[in-house]
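Colleague: Feature table excerpt (TrEMBL):
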| type | residues | note |
| --- | --- | --- |
| TRANSMEM | 55-76 | transmembrane segment |
| TRANSMEM | 97-115 | transmembrane segment |
| TRANSMEM | 121-141 | transmembrane segment |
| TRANSMEM | 153-173 | transmembrane segment |
| TRANSMEM | 179-202 | transmembrane segment |
Amino acid sequence: MNIFRFAGDMTHLISILVLLLKIYATKSCSGISLKTQELYALVFLTRYLDLFTDFISVYNTIMKLVFIASSLAIVWCMRMHRVVRRSYDKDLDTFRYHFLILASFVLALLVHEKFTFQEIFWAFSIYLEALAILPQLVLLQRSGNVDNLTGQYVFFLGAYRAFYILNWIYRYFTEQHFSRWIACVSGIVQTALYADFFYYYFISWKNNAKLQLPA
């Protein structure tokens, strides 16, 4: 493992911890897209099917279990917790995410590295993750004002993928048979979707002001 992969994993973990902190400390999920959280749960469940067949390392296994468990816990809280679910912005979270799931699955069937069960679902999870943030970004644009913890959550989530791009570049130049081009292209698309958010996040940080996104 290289430093960029580790930094990506840690920023991803921090983003989840920030979101859990927001939910459990404030007993509120206002400003959080349930649709995005459900997409992430689907991403991890389909990506880590190899938990049942392959063992890479203790670290790798723990991180996979943490991502699966935390994503399911967040979805459960937003749907089932008697206090948290009351704050869900259902009227703002209306993105038709079923189309993202369908498009990602069709693309995985057409463009993949190997035509096997695990590889098809791995490609599906990569394509879906690249687009999973869209419902969240749309919700934030509709609401306008973004609270501090929600802004940090989205920032760290975007930073995680940016570090992974550096990880792929590093592996391309240091590993003889590195060929995860699907992840590379999807990661670039995913990071590009954060560009507008990063701009306004930096402006708010620079001016020490509340983060606001244009509608």
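Cβ coordinates come from backbone N, Cα and C, glycine included.
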Colleague: Test of understanding: applying the rule of at least three C-beta pairs under 8 Å (pairs 6 or more apart in sequence), is the transmembrane segment (55-76) touching the transmembrane segment (97-115)?
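Modeller: With fewer than 3 qualifying Cβ pairs, these stretches do not touch.
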Colleague: Please indicate, using numbers and ranges, the residues of the same chain that are 6 or more beyond the transmembrane segment (55-76) and have a C-beta under 8 Å from a C-beta there.
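Modeller: Long-range Cβ neighbours of the transmembrane segment (55-76): 1, 9, 12-13, 16, 19-20, 23, 34, 37-38, 40-41, 43-45, 48.
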